[in-house]
Structures are given as structure tokens and as C-alpha cells.
Amino acid sequence: DKAPLSKSLLLVPSAISILLTLLFQNYQKFFAYNLQAIKEEFQIWRLVCGRTICLDLKDTFCSSLLIYNFRIFERRYGSRKFSSFLLGAWMLSALFDLLLVEITQYIFGITINSLPSGFLGPVFALFVPFYSSIPRVQVAQVLGHFSITNKTLVYILGLQLLTSGSYIWILALSGLVSGICYNSSILKVHQILCVPSWVAKIFSWTLEPVFSSAEPTNEVRVGMGATVDIQRQQRMELLDRQIMMSQVAQMRQQRQQQQDGMINWNRLFPPLRHRHNANYQDRRPSEQDTPPPTEVSEEQVARLMEMGFSRGDALEALRASNNDLNVATNFLLQH
């Protein structure tokens, strides 16, 4: 929903790749990314065919999953701006492919005649806005040291795609460089390499009705999520938050009963000497009455600040949760 270009990039190249692999293997040579034919025989059309359709089903599967995850940019910026990014990254990565091949041959003496085919350059370029603009939220922690975030699966898919071929690192590097150049506000590439408005209108009238989908109506909206996916995530986070808060409350209650051996009534009914009295307005708590401040980890403060919270709120939440990052995150989300 609200991502027709991403849907077309999922269906059309994947269908052509499957057909070329299973039924029309004789036509695969027309979609090979043959650099030697481009440079010596000036077959410029191979830049279009060889950099659009994947001939390896593994690359097709991984790139399709990545495009599915990157559809959030089309929903956030619109189809025209998203297509402009893909067009600019595709053109820039084609130039960087040739440059990197020449540099590799000049430095290492390795002659590269062909590269893996497919829409791989723009896919790797999308990792640049994904890294810079999508917030990093911790989902789980493995062995107490390795954090699993909402971005982990996407990075694993990118790593899997990176290891699928011998020279695919050239496509990955050129894609990342093209994404950085397109996102750079200094180079102003996005003002030059963009889809004209009249072209966007033509595609919106012709192809968008074919690939557009109706918004799902069988799900109840939760919270203020702009899309159904965000609302699903909010629903899951709400359930996880409720379970976690109940577990924390039970742990605190057990810890308090072990320390005091009974319910601490002082938390519910403060002693009279702690109540504000007109005759003791200037009374200050002694050093014994003041609990020692909880030491806060700067690494956890930095993680909360990466999510968009202020430093003061992060410090307060971590102190209140006894340096428990998950509890502090839930506390800030609720308040």
C-alpha cells in the first residue's frame, strides 16, 4: 500500500529473472553485464539490460527482500522522489562501476570482463538513507553483549547479497558511493538527476493504477501510526511493554520483600518527620536520608539519544529504571 514503484520493482524484475532461469536460458546472454562488450563493441544497451535483471535467483531473492524493506522511503518521500533517488543512484553507480574496474586493473592487475547483473547498485545505495534516517531501536540482546535492533535483518540481507559473487563488492561500493553523493547537500546531485514532473504524471496515470493496492481494512488501527505496518509494530510493542512492565513490577516487589521481610509501608505513608511542616520548611535531608545517586552508563544514554530523546530525559529514565535500557525505553515511550 502507498508504494507502487516498490511493488513493480518486486514483481517485474523477479518474474523476468525466474523466466530467464527456468524457460528462456538462451536469452540470458542479452542481460549479462559484460563490460568488455560495452567498452570494446560499444554495446551501451547492456548498461540497461545488465543492470536491471538479475540472472542469479539468490541475488533476485535478496534484492527483492531489501526492496520490500526499503519501501518505507517511497511511503515517506513519495513515488517521484523515491524514483529520482533510484534513477540518480543507478546512473552514478554505472559510472563508478567502470571507474572501480579500471582502478582495480591499474592497482592489482586484475582484468574484470563482467560483473553480476541486476538492479544491485541502487539497492546498495538505499543503505545510505536507511543508515542515516531510520532510527535504531533495540529489540533484543544476545548473551548480554550483542544487540539485535530493527535494522539487524536488513543488514544481514545486505551482507548475504554482498557475499553472493566474487566481484559484487564493486557494485556494493559503487552503490554506497552513489548514495552518499546523491544525499550530499553540497554536490546538489538530487537537483540534476531527478524525474521530471510530467514524466511522474504519465506514470501515475498509466502504471500506478496497475501496481497500486487498496489499504487493508480488516485491521483495527492502533495509536497514531501513519501506515498499517507501523500500527502493527505499535501493537506488538504495546503487548511487549505491558509484559515487561509487569515483570519489572514483580521483580521489584520480590526484591523489596526480601530486603524488608514485609511490605514497605513507608513508600505508601511517609513518616511524619518527612512531611512538609510550616515550622520546618527550611529543613534539608541529611546525608543518611538521601539515597546515593545511581551511576548511569554513558553508552546507554547515547543509545537513548539516538532514538530521539533528550539527554535529561534519558538520564532520568535510566536512574529510575536502575540502568535497565529496555525499561527506560518503555518509560520514555509511555511518558
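Every residue, even glycine, has its Cβ placed from backbone N, Cα and C.
What you are looking at is a predicted structure, and each value in this text was computed from that prediction instead of being measured.
Sorting each residue of the domain 'UBA' (295-335) by its DSSP state yields 29 helix, 0 strand, 12 coil. Taken from TrEMBL, the feature domain 'UBA' applies to 295-335.
Residues annotated as transmembrane segment in TrEMBL: 6-24 (among others).
Long-range contacts of the transmembrane segment (85-108) within its own chain (CB-CB distance under 8 A, at least 6 residues past either end) are made by residues 5, 35, 39, 47, 51, 73, 77, 115, 119, 121-122, 124-126, 129, 170-171, 173-175, 177-179, 181-182, 189-190, 193-195. Positions annotated as transmembrane segment by TrEMBL: 85-108 (among others).
According to TrEMBL, the transmembrane segment annotation covers 114-132 (among others).
Positions annotated as transmembrane segment by TrEMBL: 153-177 (among others).
On the 0 to 100 pLDDT scale, the model's mean across the domain 'UBA' (295-335) is 75.
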